[in-house]
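One structure is given below, encoded as structure tokens.
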Amino acid sequence: MGVEQPLGDNIVTASLDGLVNWARKSSIWPMTFGLACCAIEMMATGAAKHDLDRFGIIFRASPRQSDCIIIAGTVTKKMLPVIKTVYEQMPEPKWVIAMGACACSGGVFDTYSVVQGVDEALPVDVYIPGCPPRPEALLYGLMKLQDKIGKERNSFGSAIGLGDRLEPAA
């Protein structure tokens, strides 16, 4: 959140986009969707050694309380509808992280029953390669997602009654 203009000692102005993006990136609540070996590394990332809480990242078990889903492991064609349903239950804005070679590209499983990358069904924001990726890699991926969220451009016109107008009303 960049400071645009200091006013005196106690007042700081900033853009609404910057303020909202700062709040969103500082409180990511991912839902864990561990399907294979990568889930163990995801659990290790949530342990005390790496301390995700210091980044405002708290794992949630319900998609209705999450704004990010971490898909970790082999996604089969039978599991894909479940992942889509969980994704649709998440409120907007929502982000997707593909963790591990299997979630990113199908991994070593080049077969009819394995989805060759979860990006065939969901819009993936961050890819974390590895088999399985280390907890530090997941932490780095989450920090990259925070950077991406911080640079997003939002349109809050509809929230204050302006709709999608680009020009002021006459």
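Residue numbering: from 1, along the chain as shown.
Quick reminder: no glycine exception, Cβ is built from N, Cα and C everywhere.
DSSP classifies Cys38 ([4Fe-4S] cluster binding site) as helix under the three-state reduction. Within the same chain, residues at least 6 positions away in sequence whose Cβ sits under 8 Å from that of Cys38 ([4Fe-4S] cluster binding site) are Ala72, Gly73, Met99, Gly100, Cys102, Ala103, Pro132, Pro133. Residues annotated as [4Fe-4S] cluster binding site in Swiss-Prot, with sequence analysis given as evidence: Cys37, Cys38, Cys102, Cys131.
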Under 8 Å between C-beta atoms and at least six apart in sequence, can you list the same-chain neighbours of Cys37 ([4Fe-4S] cluster binding site), or say none if there are none?
Gly73, Gly100, Cys131, Pro132
Specify the count of other C-beta atoms within 10 Å of the C-beta of Cys131 ([4Fe-4S] cluster binding site).
13
